[in-house]
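Chemist: Annotations for this protein, taken from TrEMBL, read as follows:
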- A:18-193: domain 'MacB-like periplasmic core' (DOMAIN)
- A:251-363: domain 'ABC3 transporter permease C-terminal' (DOMAIN)
- A:470-630: domain 'MacB-like periplasmic core' (DOMAIN)
- A:691-806: domain 'ABC3 transporter permease C-terminal' (DOMAIN)
- A:248-273: transmembrane segment (TRANSMEM)
- A:294-321: transmembrane segment (TRANSMEM)
- A:333-358: transmembrane segment (TRANSMEM)
- A:384-405: transmembrane segment (TRANSMEM)
- A:425-449: transmembrane segment (TRANSMEM)
- A:470-494: transmembrane segment (TRANSMEM)
- A:687-712: transmembrane segment (TRANSMEM)
- A:740-766: transmembrane segment (TRANSMEM)
- A:778-797: transmembrane segment (TRANSMEM)
Amino acid sequence: MLRAILRDMRAHPGRISMTLVAIVLGVAFVVATWVVSDSAAETVGNANSRTDLAARVSSPRDTELTAAERDRLAALPGVQRAIGVLIGHSSVVQADGKLGDTYWPGEGGTNWDSSARFTLASGRGPESGGEVALEQEAAADAGLTVGSSAKVLNADGEPTTMTVVGIFSYRKAGASEVSPAVAYDPATAAARLGSAFAWIDLYGTDQTQIASAASGALGSGFDVRTGAELAVQRQQQADEEAQLVRNFLLAFAGVALLAGMFVIANTFTMLVAQRTRHFALLRAVGARRRQVRRAVLAEAAVLGLVGATIGVALGIGLGWLTMEIIPTTGEAVVFAVSPMAPLVGYLVGVLVTVVAAYGSARRGAAVAPVAALGTDAALPKRSLVIRTVAGCVAMSAGVVAVVATSGPALTDAKRAVGMAGALTGWLAVILLAPLLASAVLIPLSRLVSRRGSAVSRLAVRNAIRDPRRTAATASALMIGLALVTAFATVGASLTSYITGAIETDVPADTLIVQSAQGFSSISPTLVEKVRAVSGVDSVASPTESFAEFTHQGREYHNTITALEADSLGRALTPVIEAGRADLTQGVLVSSADAKEQGISLGDTLTINGVTAPVVGLYGESEILHGIVVNKTLLPPDPKSYLGAVYVSGASRSALDAAFADRPDIVVLDRAGLLAEYTEPLDLALGIIYALLAAAVIIAVFGVVNTLALSVLERTREIGVFRAVGATRSLVRRSVRRESVVIATYGGLLGVGVGILLGGVMQHVIIGTPIFDLTIPKIVVAGALGGMIVVGVLAALWPARRAARTDILAAIATA
Amino acid sequence: MTISNAAVRAASLTKVYGEGDARVVALDGVDVSFRRGELTAIMGPSGSGKSTLMHCVAGLDRATSGQAWVGDVELTGLADDALTMLRRDRIGFVFQAFNLLPTLNAWENITLPLDLAGKRVDRAFADVVIDAVGLRDRLGHRPSQLSGGQQQRVACARALISKPDVVFADEPTGALDSHSSAELLGFLRRSVVELGQTVVMVTHDPTAASYADRVVHLADGRIVSEQLATVGGA
Ligand SMILES: Nc1ncnc2c1ncn2[C@@H]1O[C@H](COP(=O)(O)OP(=O)(O)O)[C@@H](O)[C@H]1O
Ligand SMILES: [Mg+2]
């Protein structure tokens with residue numbers, strides 16, 4: 001029995017290889033994503049750790065660690081070397097004259113030493129006052145190499161020009177260490193960073209002895225850790241980071257897996273369908289149902305095993321290639337294959353194939369023996385009733401969950417239910433895809449029948465001939481595309497939300513002065529400097545602190561924003577929903593807070609001993625938070641958070657000139673401010689799109705597979721088509737159009753589902769109504785246009801195959 | 001017999017399959033011509049080369065040597081696209097089974113050659129053909145909804161719709177019961193008599209051959225006899 005099946009497999013190498021290709025690709029992409037997440041996690045985990053320390057002494061209290069302590073420690077028995085590490089404010093000026101925002105300037109400078117903290121990538125360590133070594137990413141950001149002169153800022157804000165003599169990568173020990181950007185020679189470091197060490201590293205062989213000697217020598221009040229303890233801490237931290245990376249990437253491996261499952265299952269179903277006559281013949285000559293079923297399953301297992309083996313190997317290779325291609329700065333890329341990667345690969349390959357084969361095997365075994373005799377042997381048609389019912393139930397459940405949580409007041413539970421509802425709906429669309437295929441394509445077919453050419457008519461009809469097959473093919477495409485569109489919708493909605501919020505608060509001609517380090521706090525002294533710029537009409541410096549206030553005898557906490565009274569309506573234009581924007585008469589409260597804390601217009605609030613009436617309520621704002629008070633009424637503490645100064649009236653060039661000597665301060669216009677908000681979002685979306693590409697690529701191969709197998713199945717039809725006068729190019733065209741129809745259907749499903757999914761996601765994230773979404777026009781157009789291209793490309797090979805069909809073999813009566 | 005009287009002609013047509021031990025001479029220097037406005041039957045035992053002859057003169061296959069003409073067009077040496085156009089515009093086909101495209105309904109199958117050529121359907125002529133095959137109430141049906149006999153009649157209507165120079169039918173009744181066979185043969189016969197169509201029909205069934213004007217006998221890839229038949233008699 002098995003031999004008969006194996007023979008039959010060998011007799012049709014084309015079909016077998018198509019199935020294998022589907023399994024191999026499905027497995028390969030899943031394994032590759034897995035390998036990439038393993039490797040990325042390991043890279044993050046291993047990145048730049050060092051274990052050469054014997055012990056580290058730090059002072060968590062206010063006791064200073066100085067050269068005196070260092071020398072005492074160095075003299076301890078077993079200590080070969082004691083290095084005091086200075087950490088202080090330093091940052092590198094970039095080519096545009098401003099500071100970059102990659103490094104935290106507060107811990108950006110350190111003293112060079114010959115320990116394993118530094119690994120030189122090029123050049124040498126700094127030896128004199130005019131020299132610095134730069135961390136390689138910092139150097140790359142600033143466009144500096146060995147030999148260039150760098151402008152380096154320390155805490156006093158004055159830039160010093162120094163020569164770059166070395167580029168290093170930094171190794172950390174322990175959990176809290178941050179990579180510095182600049183290293184000075186010891187004397188310069190002491191002059192620029194102060195004399196108190198952040199910690200002292202001790203080197204030697206016996207860690208415990210050195211640690212206990214250090215504790216003994218310094219007494220309590222100092223924190224002493226052995227190198228081993230630090231390594232554990234560091235590893236824990238690295239593992240946590242790695243786990244985040246892994247989980248993020250595995251989510252995408254899961255998506256690729258889902259798409260792969262569809263493609264494999266669909267291909268195997270087609271494979272079995274094409275051998276109906278063979279099964280019928282076996283049944284006719286006496287094979288029992290169970291025998292046919294078993295043989296098909298055995299075949300699936302063999303194919304799965306072979307496909308998975310090739311797929312795992314290919315996937316590992318693909319993963320390696322990806323890790324090689326991914327641009328990294330400095331970090332040594334680790335290529336890691338955990339045992340889970342091949343395991344998942346085999347599981348996917350064998351399990352999915354066998355499960356997919358199970359249904360087909362049952363139907364294959366159910367073929368009536370007489371089918372062997374007919375010219376048109378076909379599998380018994382599967383009813384779509386169960387699937388449709390399941391789909392409708394899932395869809396209703398999803399819609400109910402989404403509608404129930406569509407209100408503006410969102411709790412975490414509601415968010416979870418809403419999201420689960422959206423995903424259930426997504427699943428429902430997959431279940432309903434065959435029905436939808438008919439619903440969408442039958443009207444199209446009618447239209448084409450009336451208007452189109454014979455070729456288009458055939459193409460569309462072929463596409464809806466087996467709605468299940470078309471649906472499975474399109475669903476695989478839909479999975480990746482829906483997620484791409486959903487994320488794009490979230491991105492577009494967030495962007496337009498933020499844009500809307502900022503554009504209402506900040507007039508188009510207002511300029512913004514803020515820290516070069518993004519949203520870091522800036523010094524309040526800058527406000528006067530801004531005011532002194534010629535032409536300035538109004539200045540807003542919303543300064544935030546968290547404070548207690550009393551309202552009707554009860555105490556509350558909220559953000560208090562101190563603001564210049566005359567800036568409202570000029571430098572800043574928040575929406576006033578009730579009352580007046582007159583800070584000279586009282587305070588403004590955000591509508592949302594007012595509602596939450598039961599504050600109404602005219603109520604009096606007591607803040608830090610000052611009592612003032614509420615004169616206005618302002619709408620949702622990205623710039624003003626909590627209770628807005630007149631700066632003269634409640635002058636803010638100089639340490640309060642001042643994110644940006646908003647200026648009206650001044651020209652860009654005047655402001656730029658005023659801060660030309662301040663690399664730590666940038667001047668932005670409104671568009672620049674918007675970019676600060678949206679750029680990180682765009683970057684994240686770019687990464688997500690790239691990761692979803694695997695799922696889309698698998699699905700594209702699924703289209704190729706479906707077409708190729710369909711073409712094989714229709715050899716006779718193509719023969720007749722050719723005999724009555726269709727040229728080869730017409731045959732090619734009809735396959736191509738069929739492919740475009742299937743791919744476009746997948747695209748439409750994906751985009752449609754994606755937009756709705758994205759609508760729910762943005763609702764869950766920012767609480768706006770579901771249909772208040774922004775359609776990501778470029779992504780949608782790209783997805784649909786891309787699907788047409790995919791359709792054409794996927795058809796290349798199957799269409800050629802179809803055109804080569806031997807007319808005589810096709811029409812011969814066999 | 002003059003050339004102008006022949007719709008299809010073959011000269012020293014030879015077709016060899018395989019090589020060495022597997023070498024089969026399916027056609028061995030066949031000279032034959034099929035007259036315009038006649039129904040010619042090609043008869044002979046199974047394996048005698050009937051289908052091969054038809055394929056070679058109908059532009060479905062290429063002969064190993066020799067020549068074949070449809071009207072005044074010589075087939076040998078035509079490129080695939082030119083052959084395809086020739087089949088589309090000047091030849092009609094009826095095969096033994098599986099003649100129709102399953103996704104097209106009867107009407108669409110019938111008009112397929114015209115559709116492919118981008119020609120308008122001559123409604124009056126189409127009506128004549130459809131009424132002749134008796135399919136008027138079946139035009140919207142898919143092949144799977146038609147009986148075997150109806151399917152063959154749809155194939156005949158398709159073969160005639162483009163008013164081809166010649167209709168080739170390879171065992172058109174091979175898969176039909178005797179009643180349906182008689183209907184189909186009657187129809188082919190009428191197309192010759194009433195529409196002046198040229199029909200070449202391969203058959204090994206003497207009953208079918210009895211509908212022909214002329215019968216060509218093949219054996220082992222050679223013409224062994226050519227005779228006038230008693231038309232209409234069985
Ligand atoms: N594709 C082929 N390859 C090899 N031999 C063939 C092929 N087609 C037909 N033949 C051989 O050519 C001879 C004539 O076949 P055919 O024309 O089909 O005969 P008929 O139609 O009279 O039964 C037979 O011996 C047959 O085996
Ligand atoms: Mg034959």
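Backbone N, Cα and C atoms are what each Cβ position is placed from, and that goes for glycine too.
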Chemist: Relative to the domain 'ABC3 transporter permease C-terminal' (A:691-806), which of A:18-193, A:251-363, A:470-630 accounts for the most Cβ pairs at distances under 8 Å?
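Modeler: Going through each listed stretch, the top one turns out to be A:470-630.
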Chemist: Mind checking which residues of the chain, 6+ beyond the ends of the transmembrane segment (A:425-449), have their Cβ under 8 Å from one of its Cβ atoms?
Modeler: 384, 387-388, 390-395, 397-399, 402, 456-457, 460-461, 463-464, 467-468, 470-472, 474-475, 478-479, 482, 741, 745, 748-749, 753, 756-757
Chemist: In the same chain, who gets a Cβ under 8 Å from the transmembrane segment (A:333-358) while lying at least 6 residues past its ends?
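Modeler: 23, 26-28, 30-31, 34-35, 38-39, 41-43, 46, 253, 257, 260-261, 264-266, 268-269, 272, 296-297, 299-301, 303-305, 307-309, 311-312, 315-316, 319-320, 323-324, 326.
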Chemist: In the same chain, who gets a Cβ under 8 Å from the transmembrane segment (A:470-494) while lying at least 6 residues past its ends?
Modeler: 255, 258-259, 262-263, 265-266, 269, 426, 429-430, 433-434, 436-437, 441, 463-464, 681-682, 685, 688-689, 692-696, 698-700, 702-703, 706, 742-743, 745-747, 749-751, 753-755, 757-759, 761-762, 765-766, 768, 772-776, 779-780, 783, 787, 790
Chemist: How many of the residues that make up the domain 'ABC3 transporter permease C-terminal' (A:691-806) does DSSP mark as helix, as strand and as coil?
Modeler: 98 helix, 0 strand, 18 coil
Chemist: Using DSSP, what is the helix/strand/coil residue split across the domain 'ABC3 transporter permease C-terminal' (A:251-363)?
Modeler: 94 helix, 0 strand, 19 coil
Chemist: Give the mean pLDDT for the domain 'MacB-like periplasmic core' (A:470-630) on the 0 to 100 scale.
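Modeler: Taking every residue in the domain 'MacB-like periplasmic core' (A:470-630) and averaging pLDDT yields 90.
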